[in-house]
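Report on the structure given below.
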Amino acid sequence: MAPLLRLLLLASSMVAVASAGSFYDDILISWGDGRGKIHDGGHLLTLSLDKYSGSGFESKYEYLFGKIDMAIKLVLGNSAGTVTTFYLTSEDGPTHDEIDFEFLGNSSGDPYTLQTNVFTQGKGNREMQFKLWFDPSKHFHNYSIIWNPRHIIFMVDGIPIRDFQNLEARGVAFPNKQALKMKSSLWAAEDWATRGGQVKTDWSKAPFVASFRSFNADACVVGSAKRRCHAAKDGWWREELDSESHAKMMWVQKNHMIYNYCADVNRFPGGWPPECSVA
Ligand SMILES: *[C@@H]1O[C@H](CO)[C@@H](O)[C@H](O)[C@H]1NC(C)=O
Ligand SMILES: *[C@@H]1O[C@H](CO)[C@@H](O)[C@H](O)[C@H]1NC(C)=O
């Protein structure tokens with residue numbers, strides 16, 4: 001089926017939903033055998049990780065475009081080898097789409113790395129990494145993904161850190177053909193997370209705990225027939241960076257970005273990914 005036709009068909013079965021408030025309404029604890037818990041009448045969720053397992057949760061609904069927010073407080077203290085994630089993903093498979101925030105833990109006192117990535121039609125390798133301008137384990141901070149037909153904007157406390165543009169016209173696939181779920185997890189990735197596996201997880205500090213609240217999906221929910229998504233097509237649907245927010249993003253990328261795949265000269269001997277020559 002032609003992509004545009006598929007998109008139109010999907011659009012006609014979508015409903016705009018702004019959900020806020022209780023985790024009971026919006027998410028399911030999906031794995032971890034009791035290590036993920038909802039507290040405080042649905043306002044707080046904690047994931048924990050020990051030697052035997054991590055844990056995770058996911059949205060009950062699937063989205064095709066939206067603004068998805070989560071406030072997260074990361075594992076405090078020695079978090080080396082732990083990875084906390086907040087991402088949107090389609091089902092696994094050769095054409096899967098994914099939009100990632102991944103927080104790589106560190107030894108006590110050393111900064112976390114925030115890694116972002118975008119997979120489109122199964123192709124990833126688009127990592128950009130940042131050191132945050134605050135300690136993300138001390139307080140809750142807001143992490144948002146604005147995903148509309150033209151942009152994927154990653155934001156931290158309302159400040160854009162990355163803008164992945166729709167460059168389908170130049171042959172770069174964009175996630176707009178399949179619905180994505182929000183997923184979040186806390187797991188052990190000792191082999192790569194902390195300095196490529198050189199720093200091991202200190203299991204005597206387990207369980208490691210990350211906290212979540214204020215999940216909000218102002219999004220087009222796939223599979224519901226109540227109201228068309230067009231109702232919500234102001235705000236995030238048209239959002240792009242104006243000159244002020246673009247300047248903020250440039251500040252972050254200049255001062256806080258520690259890795260950019262588009263600047264990794266040894267990585268792509270066969271030529272740069274096409275999106276790299278645009279930015
Ligand atoms: C995060 O967003 C919520 C809801 O919009 C707001 O109440 C809270 O103050 C924000 N927190 C931070 C750290 O920006
Ligand atoms: C951990 O801290 C060290 C020292 O500041 C830093 O080089 C490294 O990039 C940090 N992040 C990770 C994930 O190891």
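Keep in mind that glycine also has a Cβ here, set from the backbone N, Cα and C atoms.
Predicted, not measured: the structure shown is a model, and the values here were computed from it.
For reference, TrEMBL has these:
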- 1-20: signal peptide (SIGNAL)
- 17-212: domain 'GH16' (DOMAIN)
- GLU98: active site, nucleophile (ACT_SITE)
- GLU102: active site, proton donor (ACT_SITE)
- ASN106: N-linked glycosylation site (CARBOHYD)
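Ligand 2 lies under 6 Å from the Cβ of the following recorded positions, listed in sequence order from GLU98, GLU102, ASN106: ASN106. Not one of the recorded positions listed as GLU98, GLU102, ASN106 brings a Cβ under 6 Å of any atom of ligand 1. A separation of roughly 25 Å, to the nearest angstrom, links the Cα atoms of GLU98 (active site, nucleophile) and ASN106 (N-linked glycosylation site).
A simple way to gauge crowding: the CB of the residue listed as 'active site, nucleophile' has 18 other CB atoms within 10 angstroms, across all the protein chains here.
In this model, the domain 'GH16' (17-212) carries an average pLDDT of 93.
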